[in-house]
Amino acid sequence: MQEFTWENYSYEDFFGDFSNYSYSTDLPPTLLDSAPCRSESLETNSYVVLITYILVFLLSLLGNSLVMLVILYSRSTCSVTDVYLLNLAIADLLFATTLPIWAASKVHGWTFGTPLCKVVSLVKEVNFYSGILLLACISVDRYLAIVHATRTMIQKRHLVKFICLSMWGVSLILSLPILLFRNAIFPPNSSPVCYEDMGNSTAKWRMVLRILPQTFGFILPLLVMLFCYVFTLRTLFQAHMGQKHRAMRVIFAVVLIFLLCWLPYNLVLLTDTLMRTHVIQETCERRNDIDRALDATEILGFLHSCLNPIIYAFIGQKFRYGLLKILAAHGLISKEFLAKESRPSFVASSSGNTSTTL
């Protein structure tokens, strides 16, 4: 598809639904000359965003690489949950590779053309959807293992790998609209942007493509997690399963951090949707408030990609031991120092899979 030019794009098509869509998590273009409300969200913050993106990129690159290394190094004792967490680390690492590009675009505008616009936008979408879908899979796995305390077909590792592959496939399908409609756009008197081009049906399709992915890629998996963890926690507390409860701390922390990072963005996006459909009256003040909120919550969502390894380092005893074991094997720390670290015993559930490498 050729790069988009402003001459073929009508005012109504663009500003008629001048939205912060994109379940893709990135902010809309700032078109000061074509909007009746002067945007106040990005101009003064571009360098703050740039620095934040670069820091998240470096932390995510290091942290998720270490997580993958530890899990793969311990693959002989790798549990079902570890397979899911490995895929989470892969998703976050892939997303981190796009952050330098997004950081540069915040300062200089989108100067990378349409092909790269499509690719990096697709990676962002797939990262988000795969993250919440894999967390939903973990919640179902823990629900079956603890609440029903039975070994199920889902515990077989080759089937778990198939489930992970399926989640990647679903994430890709949910992200296809971004691949199809994203283009480099060159508005007059403004920096180029990476944004949706849907022709004469921009307003209609943008709302459809906002609601459907939000329903199937966020709300439904969130309800699954809520159901599973409510009953899982109830079972743990009723049975006084202290050891299993401690083994679940890492998983609960991962889910909680995901929600803390992404729920604010989705709530702001919901508010923006209500404003676009005139359920909430739109004013210049409210529009700028929404733009600023999306700016801030997007950064919070991006921050998530580097937080899981930090959780593992502070809460996951087995992750710390596994990392020290790798360092000792390569002579980077003494074996005497490793011996001082008592390896925590693996906690076995009825399904044999409550323990994780992390």
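Cβ coordinates are placed from backbone N, Cα and C, and glycine is handled just like the others.
The record in Swiss-Prot lists a disulphide bond between C194 and one of C117, C137, C261, C284, namely C117. Within the list N8, N200, the entry that Swiss-Prot describes as N-linked glycosylation site is N8. In summary, of the candidate residues N20, N353, the record from Swiss-Prot lists N-linked glycosylation site for N20, whereas the others have no such entry there. Each of K118 and I333 belongs to a differently named topological domain in Swiss-Prot, hence to opposite sides of the membrane.
DSSP assigns C117 (disulfide bond) to a helical segment in the three-state reduction. Stretch with the most C-beta contacts under 8 angstroms to the transmembrane segment (207-229), considering only 47-73, 83-103, 119-140, 162-181, 250-271: 119-140. Its own atom aside, the Cβ of C194 (disulfide bond) has 27 Cβ atoms within 10 angstroms in the protein chains shown. The average pLDDT computed over the topological domain 'Cytoplasmic' (74-82) stands at 80.
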